[in-house]
Structures are given as structure tokens and as C-alpha cells.
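Data first, discussion second: the structure below is written as C-alpha cells.
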Amino acid sequence: MDIRAAEISAILKEQIQNFGREAEVSEVGQVLSVGDGIARVYGLDNVQAGEMVEFENGTRGMALNLEIDNVGVVIFGSDRDIKEGQTVKRTGAIVDVPVGRGLLGRVVDALGNPIDGKGPIEATERRRVDVKAPGIIPRKSVHEPMQTGLKAIDALIPIGRGQRELIIGDRQTGKTAVALDAILNQKPLNVAGAPESQKLYCVYVAVGQKRSTVAQFVKVLEEQGALEYSIVVAATASDPAPMQFLAPFAGTAMGEYFRDNGMHALIIHDDLSKQAVAYRQMSLLLRRPPGREAYPGDVFYLHSRLLERAAKLNDENGAGSLTALPVIETQANDVSAYIPTNVISITDGQIFLESDLFYQGIRPAVNVGLSVSRVGSSAQIKAMKQVAGKIKGELAQYRELAAFAQFGSDLDASTQKLLNRGARLTELLKQSQFSPLKVEEQVVVIYAGTNGYLDNLPLNKVREFEAGFLLAMRTQHQDLLDTIRTSKELSKDSIANLTKALDAFAKSFA
């Protein structure tokens with residue numbers, strides 16, 4: 001046997017080169033323990049925070065806790081079939097969802113999978129659910145109105161495109177009803193052939209609600225013809241906590257597609273209290289230290305990074321916008337609890353709904369004194385500013401006097417007049433569900449209220465007067481409504497014509 005020196009040196013070199021190279025346990029891990037929707041996984045050394053991983057049975061999860069010797073994974077689905085010792089694969093992708101127009105008219109879960117039985121989603125693009133919000137430079141101040149069709153809100157607490165306005169109140173105070181009316185009111189803007197700058201696409205995120213409630217909501221959207229410009233993201237009460245935590249982020253990513261492409265979108269998170277509860281559950285199971293009310297320390301950051309993504313972009317960035325209406329449920333009207341105060345401080349104002357008002361029949365049950373819109377007034381059209389400026393002051397005076405009036409019966413004429421006017425304005429701001437009003441119709445109705453046309457009417461005739469007057473305006477004075485809509489202000493001529501129309505109608509109504 002011939003031994004060549006060159007061969008020996010080559011073998012030795014190869015062995016020296018490979019010396020000390022152990023096999024890396026990085027791309028595949030092993031389940032150490034599993035329970036309560038959380039898996040502890042050994043291995044996966046190079047996994048990224050927020051990365052999607054896949055278990056042996058195809059169930060997916062998200063790596064949240066990266067510790068020295070193991071990874072804490074939250075499971076998107078049931079953990080029943082996951083057992084100790086099973087393998088876990090990295091996917092290499094951060095959690096993302098499909099986005100685009102293909103989602104309009106569909107109901108999806110928090111991962112963007114269709115749950116409405118209408119076949120697969122036709123999406124051309126996928127986006128990460130958790131991305132950084134736009135910085136200061138790409139933004140522009142809010143200046144275009146986002147009409148909800150509700151007089152109490154559009155007149156007193158106006159919302160602009162790109163604003164974050166919180167809807168807060170106890171259970172059963174009509175929070176979802178306000179959000180639903182806001183979606184339905186966008187129908188005239190989303191007609192075929194309308195310019196993109198006018199349209200407003202809607203994303204509704206249902207977190208921790210009953211399936212029957214979500215089904216009812218979708219049915220209403222369908223019946224009213226609003227589903228075609230809406231996306232519904234549902235993580236219901238029976239879904240695992242990670243899905244409820246993820247749904248608002250997924251919905252925001254879908255809304256951002258429109259914002260970043262020069263279009264306008266509205267996202268409604270219904271509701272963020274349930275998302276916070278789901279996040280608390282996940283955090284405690286992952287053994288993160290609890291803080292106030294057992295919420296983790298970063299629950300403020302959870303909501304701030306979510307809501308900061310709603311923005312109005314400047315013209316260089318396409319001038320798109322994403323408006324957010326987060327919903328928070330309070331317990332016994334306690335606005336000073338942890339999550340409500342957090343979200344109030346993040347948003348640009350709040351619409352405060354009160355159960356007492358709701359039971360008095362004032363619906364929408366907006367407490368005008370506690371509700372504010374910090375940026376919306378610059379988005380309000382001039383015509384509405386002209387008529388609504390008065391109503392706010394008069395209602396504030398009315399509330400103050402109404403408290404005193406309970407104690408004394410001998411009131412002077414001016415006080416009596418103010419109380420009279422306030423009661424009628426309160427009556428005027430009532431509105432039935434599914435009957436949103438166009439902004440020009442709101443303007444003429446509020447003009448009638450602030451100019452004394454309702455003062456001598458019995459309270460129970462105010463709604464009747466309003467309905468009759470609107471019918472008269474639509475049938476005989478449509479040109480005046482069109483003028484207000486196009487010019488967006490009440491000129492001297494418009495005011496003269498409106499006064500004439502009101503005088504004529506008031507005579508015939510009496």
C-alpha cells in the first residue's frame with residue numbers, strides 16, 4: 001500500500017479545519033413544556049422576537065419571550081395536540097397578514113385567513129402586523145372632515161381624517177352603534193366612480209365579542225350595502241388570547257395599505273379593553289412581572305404603538321389618512337381606571353357615552369360636557385362651525401342651570417328661556433340608529449334649533465318638526481342643500497333662503 005505524504009497532509013488539514021465544529025441547534029427546537037396556550041421551546045437560538053414558528057401538527061405560534069435557555073411561544077390555536085418533545089420549526093418570517101382591495105367585503109381572522117366561507121382571499125401583498133408608525137416629517141395636521149352622520153358628534157365633537165377619537169362608556173351604552181353608524185354614513189362617498197380622495201374604506205376589528213354579535217354586525221353591513229367597502233377582522237371570545245391581542249394590529253396593517261397608497265381609511269377597534277385583558281393573560285403566563293391591576297408594564301406602549309399608526313400623511317407621501325375610533329368599555333362609569341386613562345391620554349379626544357343618558361332616551365347617549373375633540377374643529381366645515389358654535393355654549397349653560405333649577409321654582413324669564421332652549425336642543429340632538437344625516441341636512445336642522453324655531457314647540461313635537469322640515473328641504477329646496485354642500489359655508493343668500501324656508505315650514509307646521 002502506497003502512502004503519499006501529500007494525501008496525509010490533506011486529510012490532517014481537513015480534520016484540523018473541522019475541529020471543534022459542533023452541530024448547531026438553531027432552526028429546529030423542541031417543546032419543553034406546553035399549557036395555557038404557551039409553549040416553552042428549547043433551541044431556536046436565532047429566532048427573532050415576533051417571528052412566526054410552526055409546530056409539528058401545523059399549528060402556528062409567535063416567539064415573544066427570548067430567554068437564555070428557552071423561547072416562550074404563544075400559540076395561535078389549540079395547544080391540545082402539542083406535546084412535550086415535539087419539534088418546532090422557524091419560518092423566518094415576522095407575523096404578517098394579506099392586505100389590499102381583495103379583502104374588501106370579507107370577514108377574516110387575526111392572521112388574515114377568511115372565515116366567511118367565500119373562498120380564498122385575493123391579496124397581492126402581505127404586510128407585517130407590527131410596524132413603526134410614521135414619523136413627524138411625513139405627517140400633516142388633520143384638516144379634512146370625517147363625517148359620522150350623527151348630529152351630536154359632527155356638530156359638537158367633530159372628527160377629522162387622520163384623527164384618533166376614543167369612544168368610551170359602560171356596557172350597553174351604544175358604543176358599537178355609534179361606530180356602526182359612522183361606517184354606514186360613508187356609503188354615499190364610496191359610490192362607484194367617486195374620486196379616491198373622497199372615498200373612505202372601513203376596517204372593523206371585533207375583539208373578544210360573541211360570535212353571534214359579530215355575525216349580526218356583518219349582517220347589518222351587508223343589508224345596508226356597506227360591506228363592499230369594509231373589512232371585518234374578528235377575534236371572538238372563543239379565540240385564543242394571542243389572536244385577540246393580534247387582531248387590532250392586523251386590522252391596522254390592512255388600513256395602512258390604503259393610507260400609504262394615497263387613499264383614506266377608517267379603523268374601529270371594538271374594543272381595546274379586551275385586547276388589554278388578552279395581553280395581560282399572555283404576559284402573566286409568560287411570567288412577565290405584573291404592574292398596576294396586574295397589567296404588564298408595557299400595556300401603555302401596546303396601545304400607543306397601535307394608535308400612533310393612525311395618521312394624516314402630507315402631499316409628498318400621497319396625502320392618505322388612517323382615522324382610528326378605538327372603543328373602551330368602562331366599569332360603572334369609572335374613567336379613571338388604568339386602561340381608560342391610558343387610552344384617553346393617547347387619543348386626540350373622546351366621545352363619552354353615559355348609561356344614565358341612554359336610559360333617559362337620549363341616544364346617542366353622548367355626554368357633551370365630558371366629550372372633547374382636540375383636533376377635529378380644524379376639520380369641521382365652515383357652515384357647521386357657523387351654526388354649531390352657539391349650540392355648544394347654550395348646552396353648557398343649560399346643564400349648569402338645569403342643576404340649579406331643581407332647587408328653585410321662581411325662575412326669571414331669561415333663565416326659563418335658556419332652560420327651554422336647552423331642552424329642545426337636547427331633543428334635537430337625538431337620533432335613531434341607521435339614520436345618518438348628510439352634513440348639509442345637519443346644518444339646516446341645527447340652524448333651526450339655535451335660531452328659536454323650536455322654542456315654542458312642545459318637546460314631543462321637536463322630532464316631528466325635524467323630520468317634516470328635512471322632507472320639505474329635500475323635496476322643495478334641494479338646490480339650497482346642494483349649495484351648502486358644495487360651498488361648505490352659509491353665505492348671506494343661503495341664510496336668507498334658509499330663513500324663508502324655515503318661516504314657511506313653521507307656519508304650515510303650526
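Positions of Cβ are set from backbone N, Cα and C atoms, glycine also.
In the structure as shown, the Cβ atom of K175 (ATP binding site) sits within 10 Å of 25 other Cβ atoms. According to DSSP, K175 (ATP binding site) is assigned to a helical segment. The ATP binding site annotation in Swiss-Prot covers G169, D170, R171, Q172, T173, G174, K175, T176, and the record cites sequence analysis as its basis.
Residues near S371 (site 'Required for activity') in space but far in sequence (CB under 8 A, at least 6 apart, same chain), listed by position: L156, I157, G349, Q350, I351, F352. Annotation source Swiss-Prot lists site 'Required for activity' at S371.
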Is it possible to get the count of other C-beta atoms within 10 angstroms of the C-beta of G169 (ATP binding site)?
27
If you take the centroid of the Cβ atoms of G169, D170, R171, Q172, T173, G174, K175, T176, the listed ATP site, which other residues of that chain have their Cβ within 8 Å of it?
E329, L353, S355, F358, A365
For each of D170, Q172, T173, G174, T176, count the other CB atoms within 10 A of its CB; which of these binding-site residues has the top count?
T173
